Amino acid sequence: MPSGSMSGGVSGPTSPPHPTVPSRPLRPSRYVPVSAATAFLVGSTTLFFCFTCPWLSEQFSVAVPIYNGVMFMFVLANFCMATFMDPGIFPRAEEDEDKEDDFRAPLYKTVEIRGIQVRMKWCSTCRFYRPPRCSHCSVCDNCVEDFDHHCPWVNNCIGRRNYRYFFLFLLSLTAHIMGVFGFGLLFILYHTQQLDRVHSAVTMAVMCVAGLFFIPVAGLTGFHVVLVARGRTTNEQVTGKFRGGVNPFTNGCLRNVSHVLCSSQAPRYLGRKRKAQTVSVQPPFLRPQLTEAQLAAKVLDNGIQGDLHRSKSSLEMMESQSADAEPPPPPKPELRYPGLSRGPAGHSEESSLLNKAPPTPTMFKYRPTYSSPGKNHTALTHAYANQSSQQPGYRSEPSLDGREGGGAERSGAERTGGGPGGPPGSGIPGYSLGGRSYPSFSDPTVLAERASRSSSVRSTHNAPPSEATTSTSYKSLANQTPPQAARNGSLSYDSLLTPSESPDFESAAPEMSPGRPRTPVVGYSSPFLSAQIAHQREAELHQPVASSSALMASPQHAVFLRGSGSPPVPPERERERLLHDSQAQHHHHHHHHHHHHRPPRFSRPPLLSDSGPPQPSYPYRTRSTDTTHPPRSPHPPPLGKSLSYSSAAAAEMQYRLVRKASASVAGGGIQAPKDEIQMKSYSRTNGQPKPSSTPSSPTHPISVSTRPGQAHSSAGSSQSPAHKPGGGVKKVTGVGGTTYEISV
C-alpha cells in the first residue's frame with residue numbers, strides 16, 4: 001500500500017537512504033476502507049462480467065462487454081494511481097537547515113499573488129513555511145503541495161500530483177457504476193419470469209451494490225466538478241478561504257479544467273537520487289566562502305527580499321551616522337538683501353563676508369539645548385542664527401571705534417588670526433575648544449584696551465551668533481513667520497520692546513547713511529535706535545549742552561558713522577571715559593537691585609547662548625573666573641562666555657546706560673513717564689507700526705537672568721519713581737485682547 005511507497009526521503013552523502021520521511025506505524029484500521037472499496041469495485045465488476053455480460057453480448061452487441069471492460073480498467077487504473085502515487089509531499093527540513101529559523105520564525109508569512117495577500121503558515125513538524133495551498137496532513141503526517149483532502153477510500157492524500165487521477169477516478173467510477181446498473185437493469189427486465197435463477201439473482205445483487213455506491217460517488221463527483229471549474233481545492237472550499245473574496249489561483253473555467261486534466265505532471269520531491277557532494281576542506285577547517293549569488297538575497301519574514309551582506313563603506317557610513325548625534329544643518333540661506341548697496345572701497349570685505357555661507361561651528365555640539373518652564377522649543381542651529389547676525393551695518397552690533405580708527409587694527413587682527421576663527425595673534429592669552437580659539441582676558445587692563453577691537457572683529461567674522469541675534473532668529477523661527485510677513489503680523493512682545501521697526505527709524509537710518517537706499521531691510525535684527533532720533537529726543541526732553549556732544553560720540557553713533565563712511569571718530573580718552581562712566585553707572589544699578597530678586601513675570605525662553613551662569617549686561621564679555629569684585633571696580637568682572645559669544649544686547653545696555661547718565665545730569669527723574677509713553681506709542685495696530693507724535697526716550701532695558709526664579713532689572717531706582725525696590729508690572733493690551741505683563 002502507499003505506506004511503503006511513500007517512506008522515501010532525501011538522502012545525503014553519508015545519511016540513510018530515506019531520512020526525511022519517518023516510517024509510519026502499521027495500523028490495520030487504515031486499510032479497512034480501501035480494502036472494502038477495492039473488494040466492492042473488483043468483486044461487483046467481476047460478477048457483472050461473469051453473469052450478465054454474456055447474455056448482453058449475445059442479445060445486443062459485443063460492444064457492451066467491451067465498453068464495460070474498458071471503463072472498469074480505466075477506473076481501476078485511476079484508483080491505483082490515486083492510491084499509490086505520491087501526492088506531492090514536501091521533504092522535511094534537516095536540522096542544519098532550520099536551526100536559524102526555527103526559534104525566531106514568526107507564525108505566518110504573507111506573500112502577494114496577483115495582488116492578493118496569501119498567508120503562509122509555519123509548519124512546526126516539517127520546520128518550514130508551507131507554500132500557498134499547501135497543508136499538513138494529520139493522517140499522513142506530511143506537508144502536501146496543493147493539498148485537497150485525505151481520502152480514506154484510497155488511503156492516500158489527494159494533492160497536486162494525484163488529484164488528476166482522483167478526479168478521473170470519480171468520473172470513471174460514476175460512469176462505470178451507471179453502466180453496470182443500467183445493463184443489469186436491462187438484464188432483469190428481460191428475465192422477469194426467471195428471477196429465481198442464479199444469473200438473475202447475481203445481477204440484482206450487483207445492481208444493489210452499484211446503486212448503493214452511486215449516490216455518494218455521484219455526489220462527490222459533482223462536488224469536485226464544481227471545484228475544478230472554480231479552481232479551488234476541497235481544503236479551501238471547506239475552510240472558506242476565498243468565500244468572501246477573489247481566488248488568486250483561478251484562471252477561468254476552461255483553463256482550470258484543462259490545467260487539471262491536461263497539464264504536465266508535477267515533479268516529485270521525495271526519492272530523488274542525489275549525487276554525493278565533495279567538499280574540499282581548507283587547512284583552517286573553515287567553511288568555503290559563499291559566492292555573491294548565494295549571498296544575493298533572502299526572503300525575510302514578511303516575504304520581502306532583503307540583502308544579507310553590506311559593503312564595508314555602507315557599514316562605516318551607518319556607524320558614523322549613528323555615532324553623530326548632531327542634527328544635519330539646514331540648507332544654506334542665500335544672503336541677498338534687496339536694495340542693499342555697499343560702498344565700492346570701504347565695504348568690499350564686509351560684502352564678501354556677507355556672501356559667504358555661514359558655517360556651523362563646532363561649539364554647537366557642546367552647548368546644551370535651552371529649556372523653558374512652560375514650553376519646549378526646537379534647538380536652533382548656528383547656520384540659521386548666523387543669517388540674522390550677517391545683517392547690514394546700521395543694524396549690526398555697535399562698535400566703539402570708527403572706520404579709520406579701527407580699520408588698521410582690525411585688519412591686523414584678522415591677518416594675525418585674532419578673530420574667533422583663528423588663534424589669538426594679538427598678544428591676548430586665550431584657550432582653544434573644538435578647533436576655535438577664544439581669548440581669556442584675565443588682566444583688567446587688557447579688557448578696556450581690547451573692547452572696541454572685539455566688537456569690530458566680531459561684526460566682520462563668521463563667528464558663532466550673539467545673544468541678541470540668536471534671540472531674534474529664534475523668535476522668527478519659533479513663530480514660523482517669513483521676514484516679509486513679519487511686518488504684517490499680529491502684536492508681539494518684540495514689537496512692544498523694539499521701537500526700531502517704526503517708520504521714524506526706517507526713515508532716519510538712510511539719512512545717517514546716504515549711500516544706502518530707503519528700502520527697509522527685510523528680517524529681524526538687533527533693536528537699536530538711530531543716533532539722530534536719540535539726539536533729537538534728548539534735545540527735546542532735556543536740552544543738554546554737554547550731553548549732546550557726548551551722545552554723538554556714543555557707540556551707536558559710531559556704528560552709523562561706520563555704515564555711512566563718515567570720518568568723525570571719538571578720541572581714545574573720551575571713549576575710555578564713556579566706558580568707565582557706563583560701567584560705574586551699571587555697577588550702581590546692579591548692586592542696588594541685588595537684594596530684590598523675583599521670578600520674571602514675562603520673559604523670553606532661554607536660548608542656546610543663555611545657558612550657563614547669569615550674565616549681567618556689559619559692553620563686552622570675557623571668560624568667567626568666578627571671582628568677587630568690589631562694587632566700585634573700574635573694570636567689570638569677567639563673565640561666563642567667550643568674546644565671540646558676546647551679545648548685541650550688552651552693547652544696547654551700554655548705550656542706554658550712557659543715555660541715562662546724561663539724562664540724570666540734565667533732567668532728573670522724568671524718564672519713567674516717557675518710557676510709558678514710548679512703550680505704548682510704538683505698539684502695533686493690525687500688524688502695522690503706529691508712531692507717536694510725542695518724542696520719548698528709549699525703553700528701559702529688561703535684562704533676564706537665566707537662573708530659574710531670578711531676574712535682574714537693569715534700571716536704577718534713582719532714575720524713575722517707577723523703579724522702586726518692590727518693582728512693578730506694566731500691562732499692555734494688544735490686538736485681540738492679548739494682555740502682556742512686563743516686569744520693570
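Every residue, even glycine, has its Cβ placed from backbone N, Cα and C.
In the predicted structure, the topological domain 'Cytoplasmic' (1-30) carries a mean pLDDT of 48. The topological domain 'Cytoplasmic' annotation in Swiss-Prot covers 1-30 (among others) and rests on a curator's inference.
As annotated by Swiss-Prot, region 'Disordered' applies to 1-25 (among others).
Taken from Swiss-Prot, the feature transmembrane segment covers 31-51 (among others).
Residues of the topological domain 'Extracellular' (52-61) grouped by DSSP class, helix first, strand second and coil last, total 7 helix, 0 strand, 3 coil. Sequence annotations record features per position, and here Swiss-Prot assigns topological domain 'Extracellular' to 52-61 (among others) based on a curator's inference.
Positions annotated as transmembrane segment by Swiss-Prot: 62-82 (among others).
Summarising the annotation, Swiss-Prot assigns topological domain 'Cytoplasmic' to 83-167 (among others) and lists a curator's inference as the type of evidence.
According to Swiss-Prot, the feature domain 'DHHC' maps to 121-171, an assignment based on sequence analysis.
Among the features that Swiss-Prot reports, active site, S-palmitoyl cysteine intermediate is placed at C151. Annotation note: C151 (active site, S-palmitoyl cysteine intermediate) sits in a strand segment as assigned by DSSP.
Taken from Swiss-Prot, the feature transmembrane segment applies to 168-188 (among others).
Long-range neighbours of the topological domain 'Extracellular' (189-208) within the same chain, counting only residues 6 or more positions beyond its ends whose Cβ lies under 8 Å from a Cβ of the stretch, are 44, 47-48, 50-52, 55, 59, 180-181. Annotation source Swiss-Prot lists topological domain 'Extracellular' at 189-208 (among others), citing a curator's inference.
Cβ atoms under 8 Å from those of the transmembrane segment (209-229) belong to residues 40, 44, 166-167, 170-171, 173-174, 177-178, 180-181, 184, 237, 253, 256-257, 260 of the same chain, restricted to positions at least 6 beyond its ends. For 209-229 (among others), the entry in Swiss-Prot reads transmembrane segment, with the evidence type sequence analysis.
Annotated topological domain 'Cytoplasmic' per Swiss-Prot: 230-744 (among others), in sequence order, evidence recorded as a curator's inference.
The region 'Disordered' feature in Swiss-Prot is assigned to 314-523 (among others).
Taken from Swiss-Prot, the feature compositional bias 'Polar residues' applies to 369-393 (among others).
Residues or ranges marked as compositional bias 'Basic and acidic residues' in Swiss-Prot: 398-413 (among others).
Residues annotated as compositional bias 'Polar residues' in Swiss-Prot: 460-501 (among others).
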Spatial neighbours, same chain, of C151 (active site, S-palmitoyl cysteine intermediate) - Cβ under 8 Å, 6+ residues apart: A82, C157, I158, F166
Surrounding residues of the topological domain 'Extracellular' (52-61) on its own chain - C-beta under 8 Å, 6+ positions past either end: 68, 183-184, 186-187, 190, 199, 202-203, 206
Secondary structure content, the topological domain 'Cytoplasmic' (83-167) (per DSSP, counts of residues): 11 helix, 29 strand, 45 coil
